[in-house]
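Take a look at the structure below.
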Amino acid sequence: MEIIFNQSKKENIKEKTTISAFLKDHDLLKEGVAVALNGEIVRKADFEKTVLKDNDSLDVFNMVCGG
Amino acid sequence: MADKLILAGKEFDSRLIIGTGKYASGEALTASAKASGAQIATMAIKRVDSTNHTDEIVKPLTDLGITLMPNTSGAKTAKEAVFAAKLAREALGTDWVKVEIHPDVRYLLPDPVQTLKACEELVKDGFKVFPYIQADPVLARLLEEIGCSAVMPLGSPIGSAQGLKTESMLEIIIANAHVPVIVDAGIGAPSDCAKALEMGASAVMVNTAIAASADVVKMSEAFKYAQLAGRLAYEAGLAAKSSSAVATSPMEAFLKEAMK
């Protein structure tokens, strides 16, 4: 199964991979992170139960330095 | 002791807000934040970049008790700014947002139309909105009327260190605002910070003037004292200006009598 990660990178993932699991695999399950799935923001409370599907577009954001 | 700053119902001792950009490292940022006494810091939100490791910034600042004010920097339209604000709300669990929309890459001047549009939507969605704007008294009033928590007019272009070029417009905004006025952008020296607060601004935001300094800790301390000096002077009341001299000592009469 394949998803598009951050608009440009295609990634192969296992069936039934949740957003939580994906973030954990990429060392992104931490403070200051937000996620949009197919353009819609996903609430943190829903990371565990949101399962990724084939051709989903997943964008992961984090807080960075800025003025 | 100076009065407390109240923003969106929260009290602060410091009237210095810091940006977190341009520091050489996470350690430099944390040391600077500590030395400045700032209790509010801004930061941006971006797609993660796995090729470029960046230092963790959220926890080091929240460990210092700093309130985070995410900005929407990078947004070119109201729609993008609203999206960035909602992402930041999820990422940080805060409803504070600094609306920053500057599609013009040369001068980084804020787009007033997109800013007003974004602020209207975000206020309705329950955000505490802090819009970064040109020093435009009409726009400042409109943003106050739609429910923004403060207005953040610029002193001069971001990172330019030109100081309070918009001084006369800032005076008008400050005189007519019923929300806090936070002078943001272009502050080049601690004296600019003090000046803005002497004028009656509620707070000042500084990034480049500290981060680009040769000694960020020392410069942070300078700004810490400047914001205190400016506010105390404002509360004490500055002396009125006069076009002619007003003697402070009765020297002339004494000398004339002694020479008789």
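Heads up, residue numbers simply count up from 1 along the chain you see.
Every residue gets a Cβ built from N, Cα and C, even glycine.
Bear in mind that TrEMBL entries carry predicted annotations, made automatically and left uncurated.
Features as listed in TrEMBL:
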type: ACT_SITE; residues: B:Lys98; note: active site, schiff-base intermediate with DXP
type: BINDING; residues: B:Gly159, B:Ala185, B:Gly186, B:Asn207, B:Thr208; note: 1-deoxy-D-xylulose 5-phosphate binding site
type: DOMAIN; residues: B:7-250; note: domain 'Thiazole synthase ThiG'
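Feature map: annotations from TrEMBL on the structure.
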residue  : record                                         : Cβ within 10 Å
B:Lys98  : active site, schiff-base intermediate with DXP : 29
B:Gly159 : 1-deoxy-D-xylulose 5-phosphate binding site    : 19
B:Ala185 : 1-deoxy-D-xylulose 5-phosphate binding site    : 30
B:Gly186 : 1-deoxy-D-xylulose 5-phosphate binding site    : 22
B:Asn207 : 1-deoxy-D-xylulose 5-phosphate binding site    : 24
B:Thr208 : 1-deoxy-D-xylulose 5-phosphate binding site    : 19
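Across the fold, the C-alpha of B:Thr208 (1-deoxy-D-xylulose 5-phosphate binding site) and the C-alpha of B:Lys98 (active site, schiff-base intermediate with DXP) stand 17 Å from each other. Each of the recorded positions B:Lys98, B:Gly186, B:Asn207 was checked for a CB under 8 angstroms from a CB of chain A; the ones meeting this are B:Asn207. Note: the CA-CA distance between B:Lys98 (active site, schiff-base intermediate with DXP) and B:Gly186 (1-deoxy-D-xylulose 5-phosphate binding site) rounds to 17 Å. Residues B:Gly159, B:Ala185, B:Gly186, B:Asn207, B:Thr208 are listed as the 1-deoxy-D-xylulose 5-phosphate binders, and the farthest two of them sit 9 Å apart at their Cα atoms. In the three-state DSSP classification, B:Thr208 (1-deoxy-D-xylulose 5-phosphate binding site) falls within a helix. In the predicted model, residues of the domain 'Thiazole synthase ThiG' (B:7-250) average a pLDDT of 95.
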